[in-house]
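Student: If you scroll down you'll find the structure; I have some questions about it.
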Amino acid sequence: MIKTTLLFFATALCEIIGCFLPWLWLKRNASIWLLLPAGISLALFVWLLTLHPAASGRVYAAYGGVYVCTALMWLRVVDGVKLSLYDWTGALIALCGMLIIVAGWGRT
């Protein structure tokens, strides 16, 4: 379960970086060359999704919970925004949902 969770976090980080770099280019007039590492990051994101040992729909559903938590960590660390009680509560609920889905892998 820990390996799967860490793989989900790595997957989410690749997706967020792959989307953040074009955002920098479009919204903050950063270099167009950021699109190259963005594309690589998104390709890595897709590849990482294939490493999960479950049907794609379950992987995507469980991944959503981890993505929420990773995005909130990004909000805190990169954007410098203090997380609210609602952020923490939502992240906990999303993570619990992910754990329930992953716990059922192989049992259905």
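In case you wondered, yes, glycine gets a Cβ from its N, Cα and C as well.
According to Swiss-Prot, the feature topological domain 'Periplasmic' maps to 1-5, 52-60. Here Swiss-Prot flags 6-26, 31-51, 61-81, 85-105 as transmembrane segment, drawing on sequence analysis. According to Swiss-Prot, the feature topological domain 'Cytoplasmic' maps to 27-30.
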Student: In the same chain, which residue numbers or ranges, 6 or more beyond the ends of the topological domain 'Periplasmic' (1-5), come under 8 angstroms Cβ to Cβ?
Tutor: 52-53, 66, 98-99, 102-103
Student: Near the topological domain 'Periplasmic' (52-60), which residues from the same chain, at least 6 beyond its ends, have a CB less than 8 A from one of its CBs?
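Tutor: Non-local partners: 4, 7-8, 101-102, 105-106.
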Student: Would you kindly list the residues that approach the topological domain 'Cytoplasmic' (27-30) from elsewhere in its chain, counting only those six or more residues past its ends and only Cβ-Cβ distances under 8 Å?
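Tutor: That would be 21.
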Student: For the topological domain 'Cytoplasmic' (27-30), what does DSSP give as the number of helix, strand and coil residues?
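Tutor: Result for the topological domain 'Cytoplasmic' (27-30), in helix, strand, coil order: 1 helix, 0 strand, 3 coil.
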